[in-house]
Amino acid sequence: MPLYEQLHAYARDRLWSMYPNRFDCNGPMAVHILDDMWAQTWHDRFKHLIPYPDAPLVNIAELLLAKQCVDLYAMTPKFWARSLFIKPTDRAVVCHAGSIDMEYYDDYRIKMCAEINNDYYCTIHHEMGHIEYYMSYDKRQPFAFQDGANSKLLEIQLQYLQLIRLGFLEQTAVHRHYQINFLLRLALEKVAFLPFSYVMDKYRFLLFPNQSDRQNELNSVWWDLHIKY
């Protein structure tokens, strides 16, 4: 993947300048340097990799605190009463974000442990996309036909044009440097994820037919694949 190779080389060069002689400047990067336990996304390092610091991306968290909404359609009372938005302190929960159709006319829910920041702003739009699909389809249809017609649409990223439309970003702020910073931030999340997802499936399918020694090779096989891809 030429695009991934270029992204990897760029990130490695910038991080090596921060941590000289901590890893091979011509080889793979150490996972812990990427600030992600699995190295599946690198966007937490964006502030150290930003090519044009003079054009910082808009801080959506500050704007959301002032605006108090994201300008989506009003939801049902049950949605607000039965969804989980903040991590509870009295019990353990799975915080991975998800949307649920309870198969009743007006009972749709979101489960997530959200914070007010850019990442969760994108996540809530993604989950609300599922909810909008649930609300739009005829409940008399089989369940399989009540999901999104095109799953790719749910993966579309919130672009700066949408931020302008919502009043979160001024048109004059979007110049060449801002666009490059925006695209790099997106690549650190989405392009960097591609090899990880491939390795994950590759690893799984080696385990299913017992093509690796489960007693002695589980860890080494994973890291061999990780370094290779």
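Glycine is no exception: its Cβ is also placed from the backbone N, Cα and C atoms.
Just so you know, TrEMBL annotations never went through curation; they're auto-generated.
Since we're looking at a predicted model, the values are computed, not measured.
Feature list (source: TrEMBL):
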type: ACT_SITE; residues: E127; note: active site, proton acceptor 2
type: BINDING; residues: H126, H130, E155; note: Zn(2+) 1 binding site
type: BINDING; residues: H126, H130, E155; note: Zn(2+) 2 binding site
type: DISULFID; residues: C95-C113; note: disulfide bond
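Distribution of TrEMBL features across the structure.
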residue	record	DSSP class
C95	disulfide bond	coil
C113	disulfide bond	coil
H126	Zn(2+) 1 binding site	helix
Nonlocal neighbours by CB distance (under 8 Å) for C113 (disulfide bond), same chain, sequence gap 6 or more: L84, F85, I86, K87, V93, C95
Most Cβ neighbours inside 10 Å, all chains, among the binding-site residues H126, H130: H130
Greatest C-beta neighbour count within 10 angstroms, which of the recorded positions C95, E127: E127
